[in-house]
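Q: If you scroll down you'll find the structure; I have some questions about it.
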Amino acid sequence: MSNVRISEIANELGYPSKEIVEKAQELGLKVKTHSNAVSLEEAEAIYEYVQTGVIPDKFKKKKSEPKAKKEPKKETEKEPAKKEEKPKTEPKKAATKAEPKPEKAKAEPKKEAQISEEKPKTEPKKEEPVKVEQKPAEAPKPKESLADVTQKRRGLVIVKKKKDYEAPAPIKEEKKAEAAVTNISDFKSMFSASDENLARKKKKEKKVTVVSKKDSAEKMDLLGGSDFGDIVLEDEDVVVLPDFSFKTPAPTPMQRTKQPNAMKTTVNNTINSFGEGGIQRRARKKHKKPENKQNSEAVTSINIPKEIRVYEFAEKLNKQPSEVIGKLFMLGMMTTKNDFLDEDAIEILADEFNVEVNIIDDQKEFDYVAAYEEEIKDDENLQPRAPVITIMGHVDHGKTSLLDYIRKSRVAAGEAGGITQHVGAYMVNKNGRNITFIDTPGHEAFTAMRARGAGVTDIVIIVVAADDGVKPQTKEAVSHAKAAGVPIIIAINKMDKESANPDLVKTGLAELDIMPTEWGGKYEFVPISAKTGMGIDDLLEIVLLQADLLELKANPKANAKATVIESSLQKGRGPVATIIVENGTLHVGDTVVAGVAYGKIRSLLDDQGRSLREIKPGECGVIVGLSEIAEAGETLIGVKTDKEAREYAQKKAEYIRQKELSKSTKVSIDELSAKIAEGELKTLPVIIKADVGGSLEALKASLEKLANDEIRVNVIHSGVGGITQSDVALASASNDCIILGFNIRPTGEIKEKAKESGVEIKTYNVIYNLIDDVKAILGGLMSPIIREEQLGQAQVRQVIHVPKVGTIAGCIVTEGTINRGAKIRLIREGVVVYEGLVSSLKRFKDDVKEVAKGYECGVGIENFNDIRENDYIESFKEVKEKATL
């Protein structure tokens, strides 16, 4: 005798698996999860206990009655009366509430053909007892099907079914029954009548019949054809058996009288095929993936990762991807099964499917930073470290000049256009103590760079020009510093100028909640001059004092943890990265991983290009030896082995690759309709190459913002390093693609190949020049702006009707001029009546080209004669202008 899973019992009763597990445990059964199995006797006891709330006596007697059940199961047709003794009550109890009189169960489709023939007459007599528990007397038959079907999990479903489905006189439709055997579509139509009766009767039995009606009906249709060779089973455990026990009788009352033996043979053969694995082999041949074994179990709570695709979400819910896609479509989102779902979409879907969702972090397996933090969280070997200072502010306010004076260098003079376009990290020694400075660009395009600088710093110095006051990037710098939660020091620069006004700076910053200490605030304002050096020593003293208050500490003996500030590709060195060490010490020969890049450090360099043996906490330097260019802002961690570093990097790379492949293609229905109506969105395909990763990131972000409803920039490829032949080939394959280079120059060979391929290469060393040129190109692709220019106006004084010519308006010009062939609009009482062209223009009897203000004329309007006195004729022309972003 085979066992039955708790999940199947829960499905048939319509209860959550968790409740059924609890009920089974109350009965003393050793079950813990929904996947545990129990014997048929125990399952029947659970059925009775759930339906009545009373523990069955037979179960209390340690299964003394199950034997009686086993015997009747063996003799299905000859001994129906015996089975009615005790098995009757248990299956029936599930259905008693819904069916006061078992005799009305004519349309019950859940009986086996042969069982229903003999049983119906005897059972009605035994149902004399008034008690609800005695009505189940009819249920014994289901147990017979249980005996036959016990080899598979659904056998238990039959326990709750009736067997008095004999009442209908099926003889009239024998011919239809025969047709049904050969024609599946006809067979389906025969189900309708009995299914309707069944539906009415089943309403009350809702909990007991939770089985998927749709699936079972469709599969029973296939059974009617008796051609099992073509059946493709989605799950051998779930599909066929429950359908035989629930749907066989209803559709074929004629079949019972005409072909009982054939039906019995078919059922037995099908059941036997399960054990032999025949159907399973057939399913493999059809390449049909089996559904989840838990398919019939209602999912109420699931754990899903932060990043999950549509088909993965469907699998978690035991649903088809098409169901999830359909729900999203109804919400106005066009998705494919490989698209990622964001948290909002997950919450909406969870509500739609009535499930509780618990979002978990799926990046733990390659989250080397979390693993590192776990190792050092109780670190006690802490020592003071050098402070990291970030200099921020508006473009051209003197940030780099300040750092140049401190370092005694001339970095600003070497920057293109006199503006910083890279993040630089420098070391300065003051009073025997090291201070690390990060110089960030002030141009608006470098927002991400400034945010990155603020994120790794201990103190922020915001430089404001005394003669210029607070500017947009000044406000942005304040926002970044506040978001990072770091102390702020204000340096009022250019105090050597006559137009310097420090109060202007203080007033502007006070509006941003940055109050100076002399005004009762908590922020230090230091007047300086990067040109003369005035106040710079005071600034450094305040920096060191602030660092002491912060008590900055790190463990120099731990594995290194650093942040990548900038990265690039250098000839002779390969991928290099500028880093700032936050904890631990980085040595030459250490194995490190930074995102998708990993490797063993071949050399360390300081900001002057000199070799180093190690970089301590709070210090900066350049590392050489990574496998590829590390992304700016990535965290770099020292690991023990090359294998560990490679695994982290490869897992992260695979994750990123999969995410790229399934980039969301979501678009609202309204947007989709608009695109179809107005034509395809115009795009400018570009390839971007830059000298360092930070500049590349800034360029991409700036160009992607250059978009509107009509046009956008499509970055088809970007990378760090020079322009290569593959870049030219890619641009050639893409229509109208241009290559944009920043701080790089193509070689003669590349220029020649680009010329042959018809590819345009543009190079720049100032970022806003590049952006302005792209704006101009986009403007040329956009539809021109049509501007209307007024030419003149005339008042109709008299209407003249000329045979074979039409109506002529006798006018006097009140403004400007009226020209022949010009566009005009006829205005009556302030409302435009008609727009057209001047077909004829005469002064007295002469045709003229134009009539000036104050003169009378006759005006004929093309294809329009409804002219009245006191109408106004307004003349204008349309001027097309180039659109700009």
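Each Cβ is built from the backbone N, Cα and C atoms, and glycine gets one as well.
Not my notes, these are from Swiss-Prot:
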BINDING   393-400, 439-443, 493-496  GTP binding site
COMPBIAS  65-146  compositional bias 'Basic and acidic residues'
COMPBIAS  281-290  compositional bias 'Basic residues'
REGION    55-150  region 'Disordered'
REGION    269-300  region 'Disordered'
REGION    393-400  region 'G1'
REGION    418-422  region 'G2'
REGION    439-442  region 'G3'
REGION    493-496  region 'G4'
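Describe each of these features in terms of where it is and what it packs against.
A: Across the region 'G1' (393-400), the model assigns an average pLDDT of 80.
Break the region 'G4' (493-496) down by DSSP state and the numbers are 0 helix, 1 strand, 3 coil.
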Q: Please list, for the region 'G1' (393-400), how many residues fall into helix, strand and coil according to DSSP.
A: 2 helix, 1 strand, 5 coil
Q: Identify, among the binding-site residues K399, T440, M495, the residue whose Cβ has the fewest other Cβ atoms within 10 Å in this structure.
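A: Ranked by other Cβ atoms within 10 Å, the binding-site residues K399, T440, M495 bottom out at M495.
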Q: What residue among the binding-site residues G393, D396 has the most other CB atoms lying within 10 A of its CB?
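A: Output for this query is G393.
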